[in-house]
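According to Swiss-Prot:
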- Trp68, Arg84, Ser103, Tyr106, Phe124, Trp217, Trp273, Phe274, Tyr275: Fe(III)-coprogen binding site (BINDING)
- 37-296: domain 'Fe/B12 periplasmic-binding' (DOMAIN)
- 1-30: signal peptide (SIGNAL)
- Glu86: site 'Interaction with FhuB' (SITE)
- Asn88: site 'Interaction with FhuB' (SITE)
- Glu90: site 'Interaction with FhuB' (SITE)
- His187: site 'Interaction with FhuB' (SITE)
- Ser223: site 'Interaction with FhuB' (SITE)
- Arg226: site 'Interaction with FhuB' (SITE)
Amino acid sequence: MSGLPLISRRRLLTAMALSPLLWQMNTAHAAAIDPNRIVALEWLPVELLLALGIVPYGVADTINYRLWVSEPPLPDSVIDVGLRTEPNLELLTEMKPSFMVWSAGYGPSPEMLARIAPGRGFNFSDGKQPLAMARKSLTEMADLLNLQSAAETHLAQYEDFIRSMKPRFVKRGARPLLLTTLIDPRHMLVFGPNSLFQEILDEYGIPNAWQGETNFWGSTAVSIDRLAAYKDVDVLCFDHDNSKDMDALMATPLWQAMPFVRAGRFQRVPAVWFYGATLSAMHFVRVLDNAIGGKA
């Protein structure tokens, strides 16, 4: 990331949900937690709450949530509590949440947050299988809130949905798929074998075109010219209200010369949160189906 321009680094850091630590805090029990007053300081626990049928009382950085995540949508009633890295502690104190949830290792220290309300961090990944960790985190949150049946129902629906969509991709063959999102007109984020999407690709027999380096979260930033090496691939690029940058890139001779562009195998698709959990994975499958489902 150090090689990116400052504006690119800022844009990428805005998108990333860093959660490398395993430290967790659990100082409240379900009986003491009002489910109508739970604040989520990061977008992973937002998704976990929504999967359990709980609308957060407050969420950090709702504007960027709607750009980068979009699904599941946030109701207008949700209060924006500031940045994910620096939430508004004064506002949080005034809101008197019954509980706060965040991504472990991201944002203010748990000790600082404990002065406002009890809370706990949840993990996005173990660096290898994000969806397996997502299911584990969902179960942990359900245990905390005494919503085990809701978690079981959601996970069963998730498995049924993933399985039901598999026939949509059986005719596709072995052409690899490159998953990307634009950071700026010169750099893209690409997603590798330890990303949220890999388990879905494996289930559907779709090879991941990116087998290069990745970070803990399953992604890496690359210069646009590195994509010229990819020839017989499909390429999907997740939008996030970045049409100006996309238009600038697509007007360049370098981009127009890309083999997958000339072959008509590049598509811009709706935003999917690549550091999410099961709801993001289901949204990804719907986006994937609209783009390449039922096609050879």
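Using the three backbone atoms N, Cα and C, a Cβ is placed for every residue, glycine included.
Projection of Swiss-Prot feature records onto the structure.
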residue : record                        : contacts (Cβ under 8 Å, 6+ apart)
Asn88   : site 'Interaction with FhuB'  : Val81, Gly82
Glu90   : site 'Interaction with FhuB'  : none
Ser223  : site 'Interaction with FhuB'  : Arg186, His187
Arg226  : site 'Interaction with FhuB'  : none
Trp273  : Fe(III)-coprogen binding site : Trp43, Glu47, Trp68, Val69, Ser70, Glu71, Ser280, His283
Query - Rounded Cα-Cα span from Glu86 (site 'Interaction with FhuB') to Ser103 (Fe(III)-coprogen binding site), Å - result: 13
Query raised in the report: Distance between Glu86 (site 'Interaction with FhuB') and Tyr275 (Fe(III)-coprogen binding site) at the Cα atoms, whole Å?
Result: 19
Requested in this report: Translate the DSSP assignment of Glu86 (site 'Interaction with FhuB') into the three-state scheme.
Outcome: coil
Report task. Just name the winner among Trp68, Phe124 (the binding-site residues) by count of other CB atoms within 10 A of its CB. Result -> Phe124
Query raised in the report: Where does Ser223 (site 'Interaction with FhuB') sit in the DSSP three-state scheme?
Result: strand
Report task. Pick the one among the recorded positions Glu86, Ser103 whose Cβ has the fewest other Cβ atoms within 10 Å in this structure. Result -> Glu86
Report summary line: Phe124 (Fe(III)-coprogen binding site) falls, by DSSP collapsed to helix, strand or coil, into coil
